[in-house]
Amino acid sequence: MSLRHFLTLSDFTKQELENLIKRASELRKMQHAGEIYQPFVGRTLGMIFEKSSTRTRISFETGMGQFGGNAIFLSPNDTQLGRGEPLEDSARVISSMVDIIMIRTFGHEKVETFAKYSSVPIINALTDEFHPCQLLADMQTYYEHRGSIENKIVTWVGDGNNMCASFMQAAHQFGFELRVAAPYGFEPDSALMERFSHCVSLVENVQDAAKDSNLIVTDVWASMGQESEQNTRARRFAPYQVTPSLLDKADPEVVFMHCLPAHRGEEISHDMLDDPRSVVWDEAENRLHAQKALMEFLLKDKIKLPA
């Protein structure tokens, strides 16, 4: 297999994504059963963080350890990345010493530049534009709880941010209808809306957007780097809080997701995460299993897979 990267969901085919989801579920079952599976002995993951994280670092580092490999944490404070070394130089050097690299950063162009000059697979662990690893976990979670998401209705409530953008790509790749309920001025990128107009629509009224929905998803009102806008956003997004009563408008089998961290009393009511229709804890854990499946796929030519 030629060198592959995972910068957005569009880098993989529909079949590849569906296979990844199923493999992630298999890996979850194996881990829960206490099965030891270590295909990455002698392999190293480089983890480049320019944005702080809880779930991303723990899931990648733990996943690499469970696979028998090693993970190295790199922050701008610890490397030449924070001292002005060109990205293309860093990409060449770091990729010569590790087997795979994940990057959590701000501008999406940074991961694109890294991928261009890297000799090993690059994983986008979050940029301001996209968050594809979270979508793998979300699709795995829906698959485990409700089966195929194809032809289902998904409702995104809130900011048209990087998570929303990745859900738009997922709607196309996995074949579901996505409704976006966002305040005026906070809609998704217009180019993405045009590109995915066949499967994505804007619905002004959040109650209408939730009607008959199979999955309702939201995220924080102000993402990392937008803290100065918090008060303004709180006023604009107040009508878009997700509550159990909003889920009552949806399909009886609806599930609720949030990539976390969540701000109870803001984008969700205080009781939303504990609602029986919430699957956020499985969703959070599945970052581990989905990313293990992803790394296994990207390095499959370098490891010995089970027969």
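Quick reminder: no glycine exception, Cβ is built from N, Cα and C everywhere.
Taking a C-beta cut-off of under 8 Å and a sequence gap of six or more, Arg55 (carbamoyl phosphate binding site) has these contacts in its own chain: Leu260, Ala284, Arg287. Residues annotated as carbamoyl phosphate binding site in Swiss-Prot: Ser53, Thr54, Arg55, Thr56, Gln80, Arg104, His131, Pro132, Cys133, Gln134, Cys259, Leu260, Arg287.
The L-ornithine binding site annotation in Swiss-Prot covers Asn162, Asp219, Ser223, Met224. Taken residue by residue with DSSP, Ser223 (L-ornithine binding site) is part of neither helix nor strand, so it is coil. Within the same chain, residues at least six positions away from Ser223 (L-ornithine binding site) with a Cβ under 8 Å of its Cβ are Asp128, Asp159, Asn161, Asn162.
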Using a 10 Å cut-off, grab the number of neighbouring Cβ atoms around the Cβ of His131 (carbamoyl phosphate binding site), all chains included.
26
Inter-residue Cα distance where the pair is Ser53 (carbamoyl phosphate binding site) and Asp219 (L-ornithine binding site), in Å:
15
Least surrounded among the binding-site residues, given as Ser53, Asn162, when other CB atoms within 10 Å are counted:
Ser53
